[in-house]
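Over in TrEMBL, the protein carries these features:
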| type | residues | note |
| --- | --- | --- |
| SIGNAL | 1-24 | signal peptide |
| DOMAIN | 84-167 | domain 'PA' |
| TRANSMEM | 194-212 | transmembrane segment |
| TRANSMEM | 247-267 | transmembrane segment |
| TRANSMEM | 273-304 | transmembrane segment |
| TRANSMEM | 316-340 | transmembrane segment |
| TRANSMEM | 346-366 | transmembrane segment |
| TRANSMEM | 373-391 | transmembrane segment |
| TRANSMEM | 428-452 | transmembrane segment |
| TRANSMEM | 464-483 | transmembrane segment |
| TRANSMEM | 489-508 | transmembrane segment |
Amino acid sequence: MGFQRDMLCVVGVLLVMSVTLGSAGDIVHQDDLTPSKKGCDNNFVLVKVPTWINGIEDKEYVGVGARFGPTLESKEKRANHTKVVLADPPDCCSTPKNNFTGEVVLVHRGNCSFTKKANIAEAFHAIAILIINNRTELFKMVCEHNETDLDIKIPTVMLPQDAGMNLKNQLEKNSRVSVQLYSPQRPLVDIAEVFLWLMAVGTILCASYWSAWSAREAATEQDKLFKDGSDEVLNLEDVGSSGSVDISTTAAILFVVIASCFLVMLYKLMSTWFIEVLVVLFCIGGVEGLQTCLVALFSCFRWFEHAGESFVKVPIFGAISYLTLAISPFCIAFAVVWAVKRQLSFAWIGQDILGIALIITVLQIVRVPNLKVGTVLLGCAFLYDIFWVFVSKWWFHESVMIVVARGDKSGEDGIPMLLKIPRMFDPWGGYSVIGFGDIILPGLLVAFSLRYDWLSKKSLQTGYFVWAMTAYGLGLLITYVALNLMDGHGQPALLYIVPFTLGTFLTLGKKRGDLHILWTRGEPERHCPHIRLQPSQ
């Protein structure tokens, strides 16, 4: 079991380092770098462009609105079906040969400014202009520094090259093409965020009780050894450490360095093959976590008690219980099926099951021994989160954490080290996500608080667990409030969670006079009875 534990710790730490982020996906983009002046100060918004070919509904494309022009309609039912025509000349940089009365004109990018194209289209009575980009991605349409003719009354939307060329090909076949243009707003709160909050809080709750129960069982066993006067008395500093790994202050500091290196590696190597490597790592950790959780669950029933206590020696893995051998094939099959079918719309369920099992197991094995280590760990994680979400933009020209979380350039819908739920009432779809680190890192401190309460025989009212758990829940709630206020921009969740969780613990400990014990020792003073060993006769 030692090999399995070590493997899980390595995989778990790598996965925790990957992402600590709460996100829902951006639909509104502020931009402080491009020119902004009166008539050219819109936010860049994504635009839905559903199409109809010869009266039959066809594909829906996504474009981006320009810095200039009017605000687009937000309700689909209020957006008109409008006929699309090709510009002649195609770039719409000179007087067109045809009139666009009451129509949407489709033009090519290039040869003149975006505003000139829009002004010409408006002058010939178009009601909107669609600009085909010369690349497959979208481009922010801004105004030039010296432009003054910015009183544009029609919306301007850019389409990716492939979408624009599809429409152009249909028009060249003399098909009748019509579109709608609208930019729906996200709901203030989506039910997905409620469920994600419950998942995160529930995961820490379960892991904390399991960790505290294990520590209490180890303490009880040690007390029995004391009373029996056994030679096998464990050192008091290692109470509850059997089968667990305590984090040191040095390890907590090194965390931010190693985590940063691993994140940059993810950012630089992000591609389809590298995502496959992450999926394999995630499956290894998920299998071990799911197996550990199921073995612990089944061991609570007397029918499986004997199988859980009977062991067989397996090469490499060591002594393994028969119950573990019986459960392992199911766990492996579950992970393999998820990995193969992970592109399906409901695959997020399997990802969340494996992720939750992994998180609970890591929180049961990896422990914070005292508040000092917890403070250093969360303090470093706090700075790490802020740096890689916000500050990294200055060096990399984009948020490294957000790019990694979305899985840009990987061809996949994000990396697997996230808990995610589809946004059910969001017209833009997508997922609400939370990184493993946003649960595990503060969860280590919350689990420590419950272990301290149980070993010091404190009640829920006089202990620290309820306060720490409540503080985490509030911090995560504030994260989602900030996420919605920022129009879906990814937020560093630890920016909000750490001050709530750690601040509450430190303040309460100081007020109650327990701060010294919490800071240095992490568990109440326990006195070892004097044991006299009689000399052998």
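Heads up, the Cβ atoms here are built off N, Cα and C, so glycines get one too.
Worth saying up front: this structure is predicted, and the values here are computed from it rather than measured.
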- Message: Contact between the transmembrane segment (489-508) and the transmembrane segment (247-267) is defined here as three or more C-beta pairs under 8 Å separated by at least 6 residues; is that satisfied?
- Response: no
- seg_contact(the transmembrane segment (428-452), the transmembrane segment (273-304)) with at least 3 CB pairs under 8 angstroms, min sep 6: no
- Query: With the transmembrane segment (346-366) as the reference, which stretch in 194-212, 373-391, 464-483, 489-508 has the largest tally of C-beta pairs below 8 Å?
  - Reply: 194-212
- Which numbers of helix, strand and coil residues does DSSP report for the domain 'PA' (84-167)? 17 helix, 17 strand, 50 coil
- Task: May I ask for the residues of the chain that lie six or more residues beyond the transmembrane segment (464-483) and have a Cβ under 8 Å from a Cβ within it?
- Result: 22-24, 189, 193, 197, 200-201, 204-205, 208, 434, 438, 442-443, 445-446, 449-450, 452-453, 458, 489-491, 493, 495-501, 503-505, 508-509
- Here the stretch out of 273-304, 316-340, 489-508 with the most C-beta pairs under 8 Å to the transmembrane segment (373-391) is 489-508
- Message: Below 8 angstroms Cβ to Cβ, which residues of this chain, lying six or more residues outside the transmembrane segment (489-508), approach it?
- Response: 20-23, 26, 371, 374-375, 378-379, 381-382, 384-386, 388-390, 399, 401-402, 405, 434-435, 437-438, 441-442, 445-446, 449, 464, 467-468, 470-472, 474-476, 478-479, 482-483, 515, 518
